[in-house]
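Structure first, then comments.
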């Protein structure tokens, strides 16, 4: 029984003591005046009576009632029922308030819905009303009884009833009611009233009335669920409302939802205004505040605000509320909606039932609570299986094994449940409900008996609803045990009674009368026996064992039974000594141990062997067992939620090996490197589990004790069904019946058990925390956890062990003892903290605890001494036999810098090679060594998996390609030990992820890293491999410091420039023009097969030439013999001018070769000779160059042979220049600055470029289409990878907008091609200038339209670099993706934006090609002119000129545009230490990728193969060759790279030029040759450029683990496999089939294409027959010629040959092509694309415009037509080449003169186009001409390009040839 009310208080308005405008509450009377002993009077109650503040009102308000809740220091709640009414204020109160208000002049707002006194509003005579409050204070929550009782007292006062108030209040204070048990009590206060009080059946269940249902109505399902999760996860929750009763109900409802958990933080349903600062508390709370104070809550950053009146919940951004785990979240939501809105289920029915039964509000309230009760039962199902009974007597001590619970439920990663289990509410839940013998309630029954039903009902909503309604009935019955209740009879005041004038204020009560009544009742209570209802205590049922909240079916472990069998077999082999069998199974076991079941199986199997006394192992067995244990532990988290570490803990202290007599090493010394051992929670859970086992054994009968101890989370075994909780329950039941002595004995036994376990665990912890070598600092560095625990467990402790230990190791004192003591001290502190915690919680006496603190240091010290002997003996063990190191194959001249360091090559993020789910053998991890040479980083080794152990794994990359080096800590795949490692990433798309073997010291690893860094970034370019290679074979250049031996390099370069100047002068004086020597690059010898190649140089007369062979040695250092070979050769081929401007023919040439930059005075990054307009003088170029960045002024680099348009390149414009010129609105002033004159010179220069174009020269500067023939407008291009005849080459309406990426009038096609209308506009610019958009912003167009500025947006070098880094990570990821799938690779590839940059480059290039093809010249001047400019102009030339698509032409293109024009290879490749900070920028690689994309779309247009591009991509960063070193020709000359000393090439030396290497290799193998090469004449390529048309280059993704990268040919080509008959085994012939692993084998070698295979076979057969082997090229040429002849006789060749696709006519007539029309994309499938019925009108127009040569190439004619006249003529080769006899064919049909080596040849050596012939005249014999021939037999053919010298066998023949040629010319 308990008092219904403890205190009655009368509180009235009183003035504020500090004189403020507001009043304050004053307690007028309280009863009883003396505090109850068991319940003192709550302080500050007057604040809660008027939460909004005590204020006077101008009118009488109706009475109000609410219940405030106060919490005392013992967490007991006191309910304060407050009934407030208003009485006329006394004059003194009114006057005081008015004076204060007038003084302060503060206007008070309207608060709480009441109108307050304003200082100016009321007249002095106006009546004010003061509040007065009747308060009941009780520890019981009977709101309705309080409302009725206080209402009765108020009614007696207002209505003036003849009832004594003192008697009523006295009866109220003396009324007692039962606490619980479902009893019913009728009470009367002596005023003719009657009230019935019902107590709930179970006091543990909260009473909610309708509060939960109201809360859901106010806020909705989602908001209430958010508040529910917030309260459970300890967030701050604030309710706002204008109603105090609503606030109280909302808080009550939220607490009712939390059952069975009790909220243990600040709980204030109604917070007074004076206490609002409580909201800033750092602890969680649930508080209600009047909505009038909402403004004061705005600044609270971490408070969740629920506005009950507005129905909103506001969650701050900084607050994260973890949601319920799925599927519980969605299930709960759906059930709640069924309860709250039952009509929702029927809304879509065609025939809904006429009526739906809706629950009453009270019943709905219980249904909602039932939903949450089910939710908690599902969340906490099986929690009793994770309780540890630590003590039973004198009081139960229960602990919860959180990790095991989370692991068993499969919710380790769930944030919500983790926070709930860590919260204070759950701690209270365990201590309250974990007790095994206590009264049970509805929740206990639900968890124990209804779990199976809930799981079965999950997918049946109606069954769930039925269960909810059943639970709701029980909850309702608990609150209302007697449904038929007699009605209350209580006097209420009449309506509007508050408005009646009350004759007098509330009277002062007689304290004596009330006290007397209270005393009388107390005396009666003392005499009567206490009516205590006995609690019905029972054993709490545990319920079924827990299951995962969501069954996760993983397909990876479908065959788990087989995996477990493998584990068992392996362990059996180990213990039976079958080590070879065990070794074979070990990799499979280690893979299986990733699964939980296999790890448990391992622990169980090892446990069985320990029980069989088989724990002492030999060395090999010990190593195997330790390795498997380490593998098990490596995936254990610090929580050990699956109990693996717990199961292994007794085993690691059992398995051992004998090192020597008396010295034994246990397994624990080898498994310490795991984080779980340094986690206090793990040790506590282990300790409590073992204590429970021993406590249980203490009380079991001896026969029952035989059963093995149950494992946490497992069901009890059949032998013993009594769990520790059952035993504890039985003992608690018997405890009162035991004698005092027996009780004391049991308490002593339990304490001894706990104490002995504490000693045992102190030993165990020292085993696993002390390292074998206590002087090693690595243990503590890696066990930062030990130190963190010191600071985490006690915030006052600042000297964390990590800090102190690290400090002691950093200071190399040299005292091992001091360091050892530090390790020992750290471990002692860790163990002592553990002992303190567990012993205090387990109730161990202080004496025992002190004894433990004394023992721990001794335990640690003794163990350290034992370990010293173990460590000493373990060092004497013979080392484990490691695999023999495999030596890598080295290049000639490559030397080892660091010999092999043993490492493990680990799998990275690529799936290939790692086996597993990706399939294939597990080539990685591999065990071997890493070698560092002067050229490469090489790993060679063998897989650790013995099933593939015979394969050699090689992974390497050039040192120069290293882009990132990163230290990592990884676990070695064999021993599972944490080791230091390195991750090396290279720009050749290779990754070495290595873990150093334990035998490799940290010093060796650091030395490797430093040496690698030194080789990667040498201080000078001469220290690179390309320079050091072969230096021993060739005499070295004199070093800089030795001046007596020869001039320094700097002197040499000065002499060189000086000699160049002399040579230039001499050439001008003697009117001799510069001519390049024979075709070679930069000091390389002429290839042998190039001597008779046709050369189109523009020499005037052979007699005026200066042969380079006649130059003196000093002159050979001049520019003329060093630099311009590639450039000049190409310029002469293109007909772009001659060196001397004074030659007779030069005046008619539009361009000339200018030597103005011979000394690199104008621009150091340009070549020495440049092409400029004929009319521009050299002295003007200096001024022009000032307008451009880096002085890179516009120079011509290519001219279209058809449209004669030129392509120019330059750097970006400076501010002054064309931009400044066009921006200026006014004419320049008379005193022009130097910049202005430069701008004028620049304008003249551009005008000269425009004037030099034939089609514009006649137009007097006006840009018209006069003279521009329709032939020039015809398309000579090809789209995509299909040849079409139905397209027109269209230019956009606005070229500038198209190049800038804007779609003007014509949108581009879907596949990336430009728009296609045939739209040449009436007037076009002669010159388009492409520049950066930012640079050309706001520039006006040229009014004369001679040139047009085209601003375009291009990427910068830094964007290329950033994109490349992302591409590297996408193609070669360092670690596996979180969700490995093709989509993740494609997503990361897209994020890199690499293909977008390729798309932009191709798009710009194709548009420039169109402009050039239509006759407009283009100047590309982007950035500084050496990166993106180079990419664009190179691509444009490649697409426009078929010559550059040959091996020779591509080499020339790279030499000219990339090397001579100064692309900064060393800067972009970070070749030296100076460039380290800038990093690698793959500009050239990006260009190669673009070429690769074009090659894919036009496979028949390129002479070279895709491998050639990869080869260049690899070696342009490898620094093996000198070709791609340094940033310009100037630097190469300065270093002496462009010449070689006489005699330097004697003997066999390594190739220094990549081109020389390619030439040598091409003679031996067709690897660089494209068999599909079959070009068309004058073909212009227009590739599609959309990202969807682009492919990822396989150079980025392919790998060959068998031999490493295949680009060092000498290394990649291993010895061929012996033929079958030569194999040594003499058994039956084996199959020659073998498995080809794409990531291991080189597929081109393992599966060569048919042509390569046949060529190899041919060479092999020739060798076997003893014949001299024919070169593959000669064989291939003969085969192609034979194929052409096969199709000639009837013109209908059949595809009977292997090479049918190479002949052009076959390719055109037999292929099926896609043909695209100008509108849309029409598909035309035909056998002859030229006679296609789908050809459009525009296609016909275009076909009509074709040049004759293109038309003739499309069909084959009879022999006579093709060969009008033929015979032998002697022809003089190009400059300095001899006369040679050739077979010439005059072809009238094709209007050309072809010549062949021999009459039978089908491949012509050269062609002279008769359209270019200007005259045929008699010639004169020259040096080297045939001696016996008549002088009149010589004649010359003069073309626009050069003069050809011919000699017939006799005079008639010569005359015949002249007549025939003249006849052809006249016929044309």
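Each residue, glycine too, has its Cβ placed from N, Cα and C.
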* Asked: Pick from 739, 1275, 1747: which one does Swiss-Prot list as phosphoserine?
  -> 1747
* Asked: Hey, which of 583, 1223, 1400 does Swiss-Prot call N6-methyllysine?
  -> 1223
* Can you tell which of 513, 988, 1138, 1722 Swiss-Prot marks as phosphothreonine? -> 1138
* To do: Based on what Swiss-Prot says, identify which of 208, 1121, 1200, 1414 is the phosphoserine one.
  => 1121
* Under Swiss-Prot, which of the candidate ranges 1513-1547, 1548-1582, 1653-1687, 1723-1757 is annotated region 'Disordered'? -> 1723-1757
* Among 91-123, 124-156, 157-189, indicate the range for which Swiss-Prot gives the feature region 'Disordered'. => 91-123
* To do: Could you check which of 1476-1501, 1606-1631, 1762-1787 is flagged in Swiss-Prot as region 'Disordered'?
  => 1606-1631
* Could you count the residues of the domain 'GRAM' (881-969) that DSSP puts in helix, in strand and in coil? -> 9 helix, 42 strand, 38 coil
* Please spell out the DSSP helix, strand and coil residue counts for the domain 'PH' (1762-1866). => 23 helix, 43 strand, 39 coil
* Asked: For the domain 'Myotubularin phosphatase' (1121-1597), what is the mean per-residue pLDDT, to the nearest integer?
  -> 77
